[in-house]
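Chemist: Swiss-Prot lists these features:
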- 18-38: transmembrane segment (TRANSMEM)
- 63-83: transmembrane segment (TRANSMEM)
- 98-118: transmembrane segment (TRANSMEM)
- 129-149: transmembrane segment (TRANSMEM)
- 158-178: transmembrane segment (TRANSMEM)
- 181-201: transmembrane segment (TRANSMEM)
- 207-224: transmembrane segment (TRANSMEM)
- 269-289: transmembrane segment (TRANSMEM)
- 306-326: transmembrane segment (TRANSMEM)
- 340-360: transmembrane segment (TRANSMEM)
- 373-393: transmembrane segment (TRANSMEM)
Amino acid sequence: MKTRKSHPIKRFFEQETAGGILLIVAAALAMLLANSPFYGHYDLLIDTPFIISLGDFALEKPLLLWTNDGLMAVFFLLVGLELKRELLEGELSDPRKIALPAVGAIGGMLVPALIYWWINKDNPLALSGWAIPAATDIAFALGVLALLGSRVPVTVKIFLTSIAVFDDIGAILIIAFFYTSKISMLALVVAAICCAILFICNRSGVTTLRAYLLIGLVMWVALLKSGVHATLGGVILAFFIPMTAARPHPEIKIPSPLKFLEHELHAPVAFLILPIFAFANSGIRFIGMGVEDFTHSVPVGIASGLFFGKQLGVFLFCGVCVLFGWLKLPKGMRWVHLYGVAVLCGIGFTMSLFIGSLAFQESGINSVIDERLGIVFGSLVSAVLGFVVLRSAKQKA
């Protein structure tokens, strides 16, 4: 039984880490193109308009926004499915196991946001980016852990993943409450009706995924038109997908609709959606930039929040709880592992880029460049230091 249980965990980390490495490659390729003679073609590609029409109804957006509003809704659907499964029967179903990563995640969101606020408190326009350094990119972080192989205990990977899950919950709440534009009540009513239908389907024992996905698509369009960020539709839909299916006979085993959909989405999200997102959002053109671009309060605040704030928040909040005897480190984890994980939490990348696109969507191009500079620098330094710390942990063991 023990061997069977280890397979899904092993498959999860193999897929997440491989996706993280592909994410790094996609981001590097975008930066390479943006700083090459082909940068015009890159800009033209991400700004290419795509239209979806049905009768009088039409949606027209550039590729960049289709990626951020559409593909990322599928990513958040997967995040929601993982959250529901973890809360019902996974690591997050045991309060004793979730307390320490939950505390770490809270510290890892509060301290970076405070550092960013302190650096940008005199710049009202920049303050809208306070949540950018509060995010953690689990795929990127696990990609770094993959480079360490067996040097890192599995408990360390599970602990990092648990922190990232709570981080995702925080990011979802932040997007819902702080990055919502003007509300269209009619579209919001349509979205609410979709939620009601999804609830009825769930309570009535409907297990056909097509029904949920079709209603979810209508809800996504309604949210897109309502002013509430459409990616939240993915999370809402996920929590209505049934965990179990009714058995026509006790001996007949019916697969879980939620687990089936989660399994089907993992590969497309890891190997297609997130790399496309990274490619579309990472094309920073360094040519022509001056010192003032790198020392602007926005990139400095983001980089400081990710690098200093994340490690300080996660390590300090967890450390205090362990030292006072309120909580315990997971079995097989040492203080150096906790610090290494805290540093890796500073890899914000895709989630930070996404929140940044919402925070500065009304601003000019300079704000966008400033935001991405800080994210890339803070994430890169966190990745390098986290790798060094965890690699040295094995040598000292």
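Cβ atoms here come from the backbone N, Cα and C positions, even for glycine.
Tell me what's around each of these sites.
Modeler: When Cβ-Cβ distances below 8 Å are used as the criterion, the transmembrane segment (63-83) is approached by residues 45-50, 92, 165, 168-169, 172, 216, 220, 224, 229-239, 241, 258, 261-262, 265-266, 268-269, 273-274, 276-277, 280-281, 354, 357 of the same chain, each at least six residues removed from its ends.
Same-chain neighbours of the transmembrane segment (129-149): 13, 16-21, 23-24, 108-110, 112-113, 115-117, 120, 156-157, 160-161, 163-164, 167-168, 170-171, 174, 178-179, 270, 274, 298, 301-306, 309-310, 344-352, 354-356, 359-360, 371, 374-375, 378-379, 383, 386-387, 390-391, 394, counting only residues six or more beyond its ends whose CB sits under 8 Å from a CB of the stretch.
Listed by sequence, the residues of this chain that lie at least six past the ends of the transmembrane segment (158-178) yet keep a Cβ under 8 A from its Cβ atoms are 9, 76, 79, 82-83, 86, 91-92, 97-98, 100-102, 104-106, 108-109, 131, 134-136, 138, 141-142, 145, 228-229, 231-232, 235, 314, 330, 333, 337, 341, 344-345, 351, 355, 358.
Long-range contacts of the transmembrane segment (207-224) within the same chain: residues 59, 69, 73, 77, 187-188, 190-191, 194-195, 197-198, 201, 230, 232-234, 236-237, 240-242, 245-246, 254, 257, 260-261, each at least 6 residues beyond the stretch ends and with a Cβ under 8 Å from a Cβ of the stretch.
Through the fold, the transmembrane segment (340-360) approaches residues 23, 27, 68, 72, 104, 108, 128-129, 131-137, 139-141, 144-145, 156, 159-160, 163-164, 167-168, 171, 174-175, 179, 229, 231, 274, 277-278, 281-282, 302, 306-307, 309-315, 318, 367-368, 371-372, 375-376, 378-379, 381-383, 385-386, 389-390, 393 of its own chain, all at least 6 residues removed from its boundaries and within a Cβ separation under 8 Å.
Same-chain residues lying 6 or more positions outside the transmembrane segment (373-393) and placing a CB less than 8 Å from one of its CB atoms are 27, 31, 132-133, 137, 140-141, 144-145, 147-148, 151-152, 156, 282, 284, 293-294, 298-307, 310-311, 334, 336-337, 339-341, 343-349, 352-353, 356.
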Chemist: Going through 98-118, 181-201, 269-289, 306-326 one by one, which has the most CB pairs that fall under 8 Å from the transmembrane segment (18-38)?
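Modeler: By Cβ pairs under 8 Å, 269-289 leads among 98-118, 181-201, 269-289, 306-326.
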Chemist: Residue list, the transmembrane segment (269-289) vs rest of chain: Cβ under 8 Å, 6 or more residues beyond ends.
Modeler: 15-16, 18-19, 22-23, 25-27, 29-31, 33-35, 39, 42-43, 46, 63-64, 67-68, 71-72, 74-75, 78, 139, 349-350, 353-354, 357, 369, 372-373, 376
